[in-house]
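Beneath this line is the structure, given in structure tokens, with notes to follow.
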Amino acid sequence: MDSSDWQAVTLTLQLGGYTTLILLVIATPLAWWLARQRSWLSAPVQAIVALPLVLPPTVLGFYLLIWLGPEGFVGATLESLGLQHLAFSFEGILIGSILYSLPFAVQPLTESFRQISQGQLDVAATLGAGWWRRFWTIVVPSCQGGFLIAATLSFAHTLGEFGVILMLGGSIPGETQVLSVLIYDHAEAMNYQAAENLSLGLLLFSFVVLMAVYTWQKRPTGGARYVAR
Amino acid sequence: MLHVDIELQRGDFRLQLAHQFAAHKVTAIFGPSGCGKSTLLRSIAGLEPGLRGTVCWQNNIWHAQERIVKTEQRGIALVFQQPHLFTTKTVEANLRYGMPRASVLKACAMQFEDIIELLSLQPFMQRKPAQLSGGQQQRVAIARALLSQPQLLLLDEPMNGLDQAAKSQIMADLKRIQQRFALPILLVSHHVDEVVQLADEVVIMREGKLLSTGTLQQQVGQLSLHDEGPLSVLSISPGDNNQKDGLLAWQLGQQTLWLPTTGLPANSDSKRLLVWARDVSLATGPLKNTSLNNQVRAQIVGFERAQHDAEMVVELAVGEQQLRALVTKASIERLNLRAGYCVYAAFKAAALH
């Protein structure tokens, strides 16, 4: 492993970490709305959230490249404000990762919010707990499992992301060259030993993370059994 | 004082009700299932979206077109039919959830240790709700509500699913707590015995509307329409503490009743005696050879139809109070009972509250 390999490892972990944090913030209210409100908008919103599950990543990457690039409406707007457009940048692939992993955060959270007892929330309100306190004292402890699964899947799925990043970010060391892209570059350059080192590392790491989650889930208080179904 | 004038549409069910609830008293809301009792409580608590009209508590507007106070700011507590304990927390954490800060709590009426003792919760403090029986869970729910120091307590059939022993225990505790703290309570119930034991005022509901309202004594006739047939509630006061063979003397106006001493608080004030009309028998003269202990002189006021065609409800006046007897038409003919006649009514008391 040379320094460019380590740079890719750091970049990948950063991308996964930021994606997971931002996704938890975005997906929580979205999942809450999907789980608790009946609206004609629910079905179209659910469909949009699930799109990354079925679309080839190249399609998502292609549209993002157009929109975030210098000619696209987001990129052009940023440039007119004196900022940089987002194609081939870390911020760009971060946005791509968030969209790409959105269903993996929203779906477990929606499922776990559906299990929450409205009775407990009503009681908490009559006992003087405002919205924020109800969320932290009732929702979060009851949905620990859902949050853990959402975070793990978002993180792991971001590690495995390839197509979107290649389309949108290219392979710029230290900026957009994450592990999956670097492995591809190594293999293309016939540098099989380096590719294998990184591949094996990623394989073991992913296995350990998933195993840890499923072990935790099996505990009697682990909750979130719905994911195992 | 709670003033309610509300309207709520839920599918084809419509709640429409205006009433001023008495302060510092227990008001029972009585009626058949599905008549909107629970919805009324939830509306008062602010848990029903789409409510129209006004809800005012003392001088505060809780709900009006231009202003809605959130549930958590109303200073109420609601005990639901299910205990709804917080499953991830211990019993103690459940109890402390709604409690004010320690500095504020000092000045409050209901102290932690008192309530724990009153509802015998000490042994369960560190358990999780799933480890408790239904009755224990409901006691925790009631204690949790009381410890939040509500200015108004809403009880939605809190005794549902409890066995008789647990129920009597909790009802007695609630009565004691209510009297000690003059806490206004709205109690939803469809059990006559709960209403008779706890209520001062009664609101009778039918199909989302208020059917009638008044003191417990005034509404006894209405209570009869729903449950186990007609009944009477007699107010009795302690006699001169005469005990005889495990019986204690009580005064019903000028007349004396003998009731079992068991389970009665020693220094009791006036009590309510629940008597089912089917447990009252009439005679034209004093009965000598009977196992019934209690006989009073009464005057026939009138007759009412009973559920069964062969029977009549005989309305009697015992001093100032009203007693009902369920008697067959054949007996009325045989004894030649007419309004204004004096008879002897012998009865078995169902419950003394």
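Here the Cβ of each residue, glycine as well, is placed from N, Cα and C on the backbone.
Taken from TrEMBL, the feature domain 'ABC transmembrane type-1' covers A:9-215.
Residues or ranges marked as transmembrane segment by TrEMBL: A:15-35 (among others). Listed by sequence, the residues of this chain that lie at least six past the ends of the transmembrane segment (A:15-35) yet keep a Cβ under 8 A from its Cβ atoms are 42, 45-46, 49, 90, 93-94, 97-98, 101-102, 105-107, 109-111, 113-114, 147, 150-151, 154-156, 158-159, 178.
Per TrEMBL, the feature transmembrane segment maps to A:47-66 (among others).
Summarising the annotation, TrEMBL assigns transmembrane segment to A:86-106 (among others).
Residues or ranges marked as transmembrane segment in TrEMBL: A:135-156 (among others).
According to TrEMBL, the feature transmembrane segment maps to A:162-185 (among others). Here the transmembrane segment (A:162-185) has Cβ contacts under 8 Å with residues 4-5, 7-9, 11-12, 15, 56-58, 60-62, 64-65, 68, 87-90, 92-93, 96-97, 100, 195, 198-199, 202 of the same chain, all six or more residues outside its ends.
The transmembrane segment annotation in TrEMBL covers A:197-216 (among others). Sequence-distant contacts of the transmembrane segment (A:197-216) (same chain, six or more residues past either end, CB-CB distance under 8 Å): 1, 5, 8-9, 148-149, 152, 155-156, 159-160, 179-180, 182-183, 186, 222, 228.
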